[in-house]
Amino acid sequence: MTNSEFRYAHHPEDVKRYTTEELRDHFLIPEIFKKDEINLTYTMYDRFIAGGAFPVDKAVKLETIDYLKSENFLDRRELGIINVGGTGKVTVDGEVYELGHKEALYVGQGNKEVIFEKSGNEQPYFYLNSAPAHKAYPTKKVSKKDAEVVELGDSKYCNKRVLNKLIVNSIVETCQLQMGMTELVEGNIWNTMPPHTHSRRMEVYFYFDLEEDQTISHYMGQPQETRHIFLQNHQAVISPEWSIHAGAGTSNYTFIWGMAGENLDYGDMDKVAVNELK
Ligand SMILES: O=C(O)C(=O)C[C@H](O)C(=O)CO
Ligand SMILES: [Zn+2]
């Protein structure tokens with residue numbers, strides 16, 4: 001079963017007035033993994049979809065959803081998958097791809113059938129991002145060894161982290177989807193500091209590998225008008241193109257960033273000095 005819910009896009013002036021509850025209702029995606037189902041959130045931010053496939057007792061198949069009005073989910077879309085659990089299998093139009101922990105798969109537009117399942121005793125957790133696509137690029141698996149790796153930050157500032165670019169155009173041909181994974185080194189808690197905005201792309205952050213009983217405070221909003229949302233493990237947050245996106249955990253964690261929009265230029269960011277944030 002494929003479930004979906006819908007989120008509108010927002011004007012920053014309106015968001016200034018949101019209560020905690022409204023902020024959470026509009027931007028937090030609280031449940032990514034639902035047993036034996038696919039759970040998706042369709043946003044009006046570049047028509048980006050984020051969600052998860054969680055096959056526990058049976059295989060789950062990606063079905064089209066009402067918002068698409070297309071026969072198959074991928075008729076006009078591309079899909080990125082990153083497995084944040086144990087090894088599992090993804091079958092794309094009969095072709096089987098085994099995905100280990102932190103391995104990714106790009107699935108091109110036009111594929112008709114995508115099935116997620118276990119491939120042994122391990123429990124996979126497939127995190128999904130999808131964006132509209134204008135061209136059918138080949139489906140391709142990307143392992144951590146194929147990633148473009150960037151070491152960022154400094155323990156002195158509690159933000160030492162390893163950024164793995166997985167589904168980016170130097171590694172995979174993609175229409176507009178970009179995905180990667182940033183791992184905070186133990187003892188470090190801040191991601192994406194100094195923060196940035198990129199008015200040409202929206203973004204979704206999905207947090208995982210967070211110790212039980214710990215939490216993450218995710219920061220959003222225009223740089224001079226920020227808000228925060230507390231998140232738990234396996235939750236995601238939508239970042240409008242006008243918003244910063246950064247977080248601090250009560251311990252270290254890993255997160256997946258997924259983007260779509262006007263360009264594929266990862267470096268196209270407007271950085272904000274930390275002492276200018278409000
Ligand atoms: O830790 C970071 O810094 C990031 O991972 C930043 C994201 O990749 C991002 O926001 C890309 O636009
Ligand atoms: Zn960003």
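Any Cβ shown, glycine's included, is placed from N, Cα and C.
According to its DSSP assignment, GLU203 (Zn(2+) binding site) is in a strand. Neighbour density for GLU203 (Zn(2+) binding site): within 10 A of its CB lie 24 other CB atoms from the protein chains shown. Residues or ranges marked as Zn(2+) binding site in TrEMBL: HIS196, HIS198, GLU203, HIS245.
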Which of HIS196, HIS198, the listed binding-site residues, has fewest other Cβ atoms within 10 Å: HIS196
Cβ contacts of HIS245 (Zn(2+) binding site) (under 8 Å, same chain, 6 or more positions away): THR192, PRO195, GLU203, TYR205, HIS218, TYR219, MET220, VAL237, SER239, TRP257
Environment of HIS196, HIS198, GLU203, HIS245, the listed Zn(2+) site - residues of the same chain whose CB lies within 8 A of the CB centroid: THR192, PRO195, THR197, ARG201, SER239, GLU241, SER243, ILE244, MET259, MET269
